[in-house]
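Let me begin by presenting the structure, written as structure tokens, before commenting on it.
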């Protein structure tokens, strides 16, 4: 919402904080700079993220990319797609559409949905890292570990989805509209129970998750370095696809860590309890709002980063994407010579011309198989 201005204007560098009562946090008006960030820069990044992640989702669901790791990456692409849409609406709500009353949507609907999406994203990143670590743990085994099965991955992500929904239900009860139509905090927002919930959420989905991701990332980096040394000694270039995929996962985890920690710390739903011990005034200062703007930009970049990483560092993704868009055409005149032998008599040679038009590769092969079957009966 720009630089925070409570019920007074920010003029010539002076910043004052009047009595906020029960915390009318969405009454702060956006400034010009805040409107540019939330309603121009962030939406542009989010629109690109919508198209990029939709494309990622289509490519990752191709039959040739059916391994368990791609199931987790598909969920992550869906999470980034939903996150881009929600961040786009939140940015417009905090900027250009603030005067149209979109702050209600942001507080009452956007906050719980964004929390659910973020939680599912954390789960997807953790399990894709666990999947890859499990796969690479025993390099001498030729059998795929039972955990690295697409069916197991789908079940795990289904459970994570329901957990994400349940965990973020409390966010539906922290804001309400008063009699004057202003959005205010509910008593639950300042309760001890909500403070405990915020700390548990932060510890589980931020601190512990970050530790797991850092440890897993360290193992992936070690495995990648070990493979490079071994390949250099043996002058071997096999299994490059696994190396590229591991490199992409390492970068995804690093970008995710850069985005998740500051976003959770400065969130309007948790900053008051975690950083400022219930002090509403400190949680809504100009400096904190600047950090929130930076976090919004980092979040928008994070939603776009995966597509760039796939495209640049994962050749199998690039090939699958090109194959999806490329319509291979064979424009030629096909001649089929058919010899019919009946009672030792050779029949006439028939020339069958196929009209010059383009077919998809799979369609053309099906037509040729059907044609040959008909004439050889």
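Every residue, even glycine, has its Cβ placed from backbone N, Cα and C.
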113-135, 274-296 - the one TrEMBL records as transmembrane segment: 113-135
Transmembrane segment range according to TrEMBL, out of 156-176, 345-365: 156-176
Long-range neighbours of the transmembrane segment (307-325), counting only residues six or more past its ends (CB under 8 A): 49, 52-53, 55-56, 58-60, 62, 64-65, 240-241, 244-245, 247-248, 251-252, 255
Close approaches to the transmembrane segment (196-224) from elsewhere in its chain (Cβ under 8 angstroms; 6 or more beyond its ends): 118-119, 122, 125-126, 129-130, 132-133, 136, 167, 170, 243, 246-247, 249-250, 253-254, 256-257, 260-261, 264, 269-270, 273-274
Positions on the same chain near the transmembrane segment (72-93), where near means CB under 8 A and six or more residues out: 37-39, 42-43, 46-47, 49-50, 53-54, 56-57, 60-61, 102-103, 105-106, 110, 113-114, 117-118, 120-121, 124-125, 127-128, 131, 153, 157, 252, 296, 299-300, 302-304, 306
Cβ contacts under 8 Å made by the transmembrane segment (156-176) with residues that lie 6+ beyond its boundaries: 25-26, 71-72, 75, 107-108, 111-112, 115-117, 119-120, 123-124, 127, 183-186, 188-189, 194, 197, 201, 205, 269
Outside the transmembrane segment (36-60), six or more residues from its ends: residues with CB under 8 Å to it: 1-2, 30, 70, 73-74, 77-78, 80-81, 83-85, 87-88, 90-92, 94-97, 293, 296-297, 300-301, 303-304, 306-308, 310, 317, 320-321, 324
